[in-house]
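Working notes, structure below.
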Amino acid sequence: MTEKVVTRFAPSPTGFMHAGSVRTALYAWLWAKKNNGTFILRIEDTDKEREVSGSALHIMKSLQWLGLNWDEGPYFQSERLPIYKKWGEKLIKTGHAYPDGNALRFKIPEKKRYHWQDLVYGDLSAGPEALDDFILIKSDGYPTYNFAHIVDDIEMSVTHVMRGEEFISSTPKFLSLYEALHITPPHFATLPVILGRNGKKKLSKRDGAKDLLEYHEEGYLPDAFINFLALLGWNPGDEREIFTREELVRVFELEKIQKSGARMSEDKLNWINKEHLKKLPKEEIKKNILENLPKDMQNPKLVPVIFERISKWGDVRVLAGAGELDFFFKSPVFPKEKLLYKGMRAEQIITNLKTAIRVLQEISESNFTTEKVKEALMTLADKLPSRGELLHPVRMALSGLDQSPDPFTIAEILGKNETIERLQKAI
RNA sequence: GGCCCCAUCGUCUAACGGUUAGGACAUCGCCUUCUCAAGGCGGUAAUCAGAGUUCGAUUCUCUGUGGGGUCACCA
């Protein structure tokens, strides 16, 4: 009989969630899902000094955004004080704990070196120097992390403990507690840290760590974010990189988790997000792009032009905010020299623009599509020494920008009347 | 400082002791193009160092170096 897998994510509510903390949650979640197990959320709020109000809620919101839903909890340790007290008394009774003032201390049975197996790191050990009669319950009545998390993991039948590598050196404390209680410890899966921008220190606020919900606001897809995070310190063993949530659950393996710390790369995150965007139904893409556009700019014809220029929904707002789409809505103003192309003379430009107007007039309003306009203008442009002699002034007349989408696309979006009007104005 | 952990392109990573050390992101070049974006094709780029084991080390061992973690009535 195999045991039912139970994992947990046990943050302390002392700030916002960032990529480092959520990756621990993700791996615990993936492992639970993969094994049809249970994923528990437990808030470790035993330090009232450091607690930040609203933090627990923020953590839950972050997990919900990513769809890392918990099957049990949230448990709050601050609401479980009697339980820790009960286990404390049990230890006193067996001679493994003793009061120290208003606090309760653990009586270390034996200062020795511990060796244990880690699912990621393999053989690990830590020496007796890590052991002393540590505090189990503080004088304010709250348990310490060392004690509370072990009691809870026992009470909640946790089988796999995913945790950061900072806990390796205090593991002898945990193991000696388990020993005193005659309880077999759970499996440990220690995860390497995620490094900050400088690539050395652990990811932290001052080191560029972002509040997870900022990624939400910037319009990253939850599945893409999870995909990215999973790949940060883990690999599927082949060269695939884009995974749906379900695929991730299927292929995830603890054995393939990396031992060394990894660094966030927003470039890669953006790429993965774009790959996920490309798989979305057309309607959904359209809806999201339009929703992120200012009310007076919500023209469905803009969708393809915008889509190939973004990697996340928030980029739509950036694009619009930077004024790069303004020319679609109002006639551009630009110095007339901009119409010139590689030493051409003004008369030639005027002639070319006039010819352009003439051929465009021949296209009916209902037929004024990118393809038709392209066909008409290209035929014309091909007769010139360089296509740019026609295409550049036309594009400039329509957009007023040095860099913009091609003139055919713009023409269709503007429509026949506006297109011709702008060409005339340029002349 | 003691103890513990880690070490392949700039970044994320692959390689049962035998590969021209592979892929992806980024970057660069070319194609496509009036420009931008997108797309296609290609290039540059890595085994921290030194010993040892071996016919043969990215891979195993040791030492060094570098980086990280931890030494609380914080988690």
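Keep in mind that glycine also has a Cβ here, set from the backbone N, Cα and C atoms.
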- line: As TrEMBL has it, motif ''HIGH' region' corresponds, among A:11-21, A:44-54, to residues A:11-21
Query: Which one of these stretches, A:162-166, A:202-206, A:257-261, A:367-371, shows up in TrEMBL as motif ''KMSKS' region'?
result: A:202-206
Query: Other than its own, how many Cβ atoms are within 10 Å of the Cβ belonging to A:Lys205 (ATP binding site)?
result: 12
Task: Go ahead and report the DSSP secondary structure tallies for the domain 'Aminoacyl-tRNA synthetase class I anticodon-binding' (A:303-427): helix first, then strand, then coil.
output: 82 helix, 0 strand, 43 coil
